[in-house]
Amino acid sequence: MIKDMIDSIEQFAQTQADFPVYDCLGEHRTYGQLKRDSDSIAAFIDSLALLAKSPVLVFGAQTYDMLATFVALTKSGHAYIPVDVHSAPERILAIIEIAKPSLIIAIEEFPLTIEGISLVSLSEIESAKLAEMPYERTHSVKGDDNYYIIFTSGTTGQPKGVQISHDNLLSFTNWMIEDAAFDVPKQPQMLAQPPYSFDLSVMYWAPTLALGGTLFALPKELVADFKQLFTTIAQLPVGIWTSTPSFADMAMLSDDFCQAKMPALTHFYFDGEELTVSTARKLFERFPSAKIINAYGPTEATVALSAIEITREMVDNYTRLPIGYPKPDSPTYIIDEDGKELASGEQGEIIVTGPAVSKGYLNNPEKTAEAFFTFKGQPAYHTGDIGSLTEDNILLYGGRLDFQIKYAGYRIELEDVSQQLNQSPMVASAVAVPRYNKEHKVQNLLAYIVVKDGVKERFDRELELTKAIKASVKDHMMSYMMPSKFLYRDSLPLTPNGKIDIKTLINEVNNR
């Protein structure tokens with residue numbers, strides 16, 4: 001068990017100073033370098049005399065300087081707000097207006113001119129590193145202090161800043177490095193794929209730094225080159241893969257993504273969106289000896305609140321895979337619309353309690369009051385997810401409350417429709433979306449479909465293909481759930497975080 005994240009990093013700087021903490025295509029930085037650089041940057045930040053404990057926005061990609069700056073800010077007592085280089089200027093501006101950071105550190109060129117907030121460039125960070133200033137930690141982030149603030153997309157389009165404290169982070173990290181499901185080895189070799197602005201990134205950097213391992217990052221230029229990306233990943237000595245299931249589906253389009261080409265890769269950690277039976281089955285085919293860990297949890301509960309190892313038996317027997325056993329320190333409950341706790345097997349809203357629950361949204365008391373509350377004397381959060389608990393305390397996922405629609409008199413869960421379509425042997429990926437009329441009532445249900453290789457060639461017309469797909473799933477799907485129209489695509493759009501961008505597809509069919 002670790003008691004302080006920075007203490008852990010400092011310990012490895014002493015015991016394994018020359019061991020790589022960060023590797024980007026063979027160019028690496030060591031734990032000793034990380035300590036020296038973060039000390040120097042922390043001293044530089046202190047010299048700016050910022051308001052104590054004020055948040056600092058850090059703009060950039062998955063570079064070493066981003067990591068060193070995060071560690072430095074923690075040492076100097078400031079929460080960091082990671083903003084990815086691919087963020088739209090409008091979103092960056094919205095984050096700044098909400099967070100009111102005391103400083104902006106631009107590891108990459110900053111796309112906006114902001115009045116009233118000082119901006120530190122990469123050249124200034126480099127100069128600070130060269131100064132090699134010693135640093136004594138007297139006011140570092142601890143306890144209930146904010147460690148990082150990650151902005152998620154709000155339902156109104158206005159981003160919300162989730163405040164994660166040092167205590168929140170320790171709750172998650174200690175669970176992950178000690179829980180048998182994750183089976184994290186000492187000195188883990190982890191692929192650093194999700195951007196730092198996505199809290200799934202915490203699932204790779206937190207256990208890696210806590211256990212003295214190495215992060216294998218990819219330059220942003222490579223990430224944009226799909227073919228070269230997965231050819232390169234296959235050459236990396238990573239043992240643990242952390243991503244959304246959608247990113248793994250993309251990886252499996254490359255023949256190099258298999259156990260024969262990547263023998264060191266033994267663990268897959270998934271979070272951020274639902275892991276489907278189809279994706280898990282394909283992974284077992286590609287990596288017969290690998291462990292697949294399905295984790296679940298919102299950003300507001302610090303990355304994940306439950307996890308479970310997915311077995312072949314689960315793949316064969318479940319239509320929707322279980323999302324795990326709740327963390328021991330984070331009791332998870334199912335409640336009805338009146339807030340009453342439901343019994344095992346009953347479906348309702350998933351709520352999480354305990355020390356990993358965020359204190360709320362930064363500078364947004366109204367939204368905080370809506371989502372955060374107290375349950376059985378513990379801080380609690382409304383996930384907005386539908387689920388149930390088995391008698392063995394395994395959490396089952398039933399979709400999003402806000403993805404439920406009323407159609408033809410029936411209440412339909414969109415994710416359930418997508419799941420059923422994904423069961424077709426002809427379908428690689430499917431997403432169900434509603435089309436609304438002028439009264440904003442559901443007019444009909446459509447589905448975006450990506451078929452497996454070679455499927456289209458077997459049919460002369462799309463109509464015949466559609467009939468075949470419908471026939472392949474009709475025995476498991478209620479007729480009122482069947483989409484009236486299939487829209488075929490070569491790929492589905494992804495968000496910057498690697499999730500299928502359902503909102504974009506809904507807007508597309510409704511001409512928004």
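In case you wondered, yes, glycine gets a Cβ from its N, Cα and C as well.
Quick look at what Swiss-Prot annotates:
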- Thr152, Ser153, Asn294, Ala295, Tyr296, Gly297, Pro298, Thr299, Asp385, Tyr397, Gly398, Gly399, Arg400, Lys499: ATP binding site (BINDING)
- Asp199, Val303, Lys499: D-alanine binding site (BINDING)
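Features as recorded by Swiss-Prot, highlighted on the structure.
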residue	record	DSSP class
Thr152	ATP binding site	strand
Asp199	D-alanine binding site	helix
Asn294	ATP binding site	strand
Val303	D-alanine binding site	coil
Asp385	ATP binding site	strand
Gly398	ATP binding site	strand
Lys499	D-alanine binding site	coil
**Request:** Please tell me which one of the binding-site residues listed here (Asp199, Val303, Lys499) sits closest to Arg400 (ATP binding site), measuring Cα to Cα?
**Result:** Lys499
**Fill in**
Within 10 angstroms of the C-beta of Val303 (D-alanine binding site), the count of other C-beta atoms across all shown chains comes to 26
**Message:** Using a 10 Å radius around each Cβ and all protein chains in view, which of these binding-site residues has the most neighbours: Thr152, Asn294?
**Reply:** Asn294
**Prompt:** What is the interatomic distance between the Cα atoms of Val303 (D-alanine binding site) and Tyr296 (ATP binding site), given in whole Å?
**Reply:** 8
**Request:** State the Cα to Cα distance, in Å, between Thr152 (ATP binding site) and Asp199 (D-alanine binding site), rounded to an integer.
**Result:** 9
**Item:** Pairwise CA distance, Asp385 (ATP binding site) versus Lys499 (D-alanine binding site), rounded so that it is a whole Å
**Value:** 17
**Item:** Most Cβ neighbours inside 10 Å, all chains, among the binding-site residues Asp199, Asp385
**Value:** Asp199
**Request:** Enumerate same-chain residues with a sequence separation of six or more from Tyr296 (ATP binding site) and a Cβ-Cβ distance below 8 A; give 'none' if the list is empty.
**Result:** Asp271, Ala304, Leu305, Ser306, Ala307, Ile323, Gly324, Leu395, Tyr397
**Request:** Taking only the Cα atoms, work out how far Pro298 (ATP binding site) lies from Asp199 (D-alanine binding site), in Å, as a whole number.
**Result:** 9
**Asked** Tell me, how many other CB atoms lie within 10 A of the CB of Lys499 (D-alanine binding site), whichever protein chain they belong to?
**Response** 18
**Message:** I need the least crowded one of these binding-site residues (Pro298, Gly398, Arg400), counting other C-beta atoms within 10 angstroms of each C-beta.
**Reply:** Arg400
**Message:** I'm trying to understand the geometry here, so how far is the Cα atom of Lys499 (D-alanine binding site) from the Cα atom of Asn294 (ATP binding site), in Å to the nearest whole number?
**Reply:** 15
**Request:** Would you kindly give the Cα-Cα distance separating Asp199 (D-alanine binding site) and Gly398 (ATP binding site), rounded to the nearest Å?
**Result:** 22
**Message:** What whole-number value in Å do you get for the largest C-alpha pair distance within Asp199, Val303, Lys499, the residues recorded as binding D-alanine?
**Reply:** 15
**Asked** Using the residues the record lists for ATP (Thr152, Ser153, Asn294, Ala295, Tyr296, Gly297, Pro298, Thr299, Asp385, Tyr397, Gly398, Gly399, Arg400, Lys499), what whole-number Å value is the largest Cα to Cα distance?
**Response** 23
